[in-house]
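Here's the structure we're looking at; comments come further down.
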Amino acid sequence: MGVPASFIVVVLLLATPCIAAPGKFQDYFKADRINDHIRVQDGGTGVQLVLDQKSASGFESKDKFLFGKISMQLKLVPGDSAGTVTAYYAASENYVNRDEIDLEFLGNTTGNPYIVQTNIYTNGVGNREQRHYLWFDPTADYHSYSFLWNQKQIVFYVDSTPIRVFPNAQDIGVPFPTKQPMGVYSSLWNADDWATQGGRVKTNWGHAPFVASYRNFDLDACAISSGSCTNSAKWWDASAYAALSPSEISKLKWVEKNYLVYDYCKDPSRFSTKPAECARAP
Ligand SMILES: *[C@@H]1O[C@H](CO)[C@@H](O)[C@H](O)[C@H]1NC(C)=O
């Protein structure tokens, strides 16, 4: 008598290991300065950054990467986070001609919304800020924040929702990061001169220490230490990732309509001529 096929399927499913399990903190990162402001928890499954009047804190990747998808889950500083900025970004080593992909979480007073600011530097030029509110309370639970970076585009995601696309517009003269490997960094610091309500609300140190929490680190990207990152095709080079899918485009439009608070593409007071890449909106 044979074993029912359904039984075999169940056993196979149970035996399948967790696919692409996110790594531990120490697999990818190290503290960037004072270790006593970083709390590595549960053997590296989670990490907390601590900000107080003595020090900011941060971490940085051990390796540098050229293309891929960088992802981690964050639970932002709860309660009164006004004046604080939690940043998470990738940046090349060369500062003057730097390439950089930025996600910055601008804190707020209790009950008022965080802003997610994104920016992109290519060949040393930034000034490409967008600002969004979120459709959930980012201090209540972990959410994933990620960016996909390939030859065709950079896409910022919040959970599985794309909030911004920066297309490769080299053909119309806009530099795109294709050559410089980037490290991945995160930090929590005091930026009360500009972060909250235009800098009007200052950090209330009576509410320190401020704590941001991280988990599910996933740097699915080409590490420079592994050899060449331009010769062999990786999953992110597949045509499916060259542009957003129709369903992603509708999510992006939903975000744009409901949560976009600032867009450098729509700011003639800063740019009398629209930056060229703005014409490439998906
Ligand atoms: C903070 O809350 C105020 C009032 O709701 C809002 O105008 C502002 O955009 C929020 N975010 C930041 C980072 O200032």
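Each residue, glycine too, has its Cβ placed from N, Cα and C.
TrEMBL labels come from automatic prediction, so no person has curated them.
Taken verbatim from TrEMBL:
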SIGNAL    1-20  signal peptide
DOMAIN    1-214  domain 'GH16'
ACT_SITE  GLU100  active site, nucleophile
ACT_SITE  GLU104  active site, proton donor
CARBOHYD  ASN108  N-linked glycosylation site
Overall pLDDT for the domain 'GH16' (1-214), taken as the rounded mean: 91
DSSP three-state assignment for ASN108 (N-linked glycosylation site): coil
Number of Cβ atoms other than its own within 10 Å, given for the residue listed as 'N-linked glycosylation site': 22
Helix, strand or coil at the residue listed as 'active site, nucleophile' [DSSP, three-state]: strand
Cβ-Cβ neighbours of the residue listed as 'active site, nucleophile' (radius 10 Å): 19
Whole-number Å value for how far GLU100 (active site, nucleophile) lies from the residue listed as 'N-linked glycosylation site' (Cα to Cα): 25
Spatial neighbours, same chain, of the residue listed as 'active site, proton donor' - Cβ under 8 Å, 6+ residues apart: VAL85, THR86, ALA87, TYR88, TYR89, VAL116, GLN117, THR118, ASN119
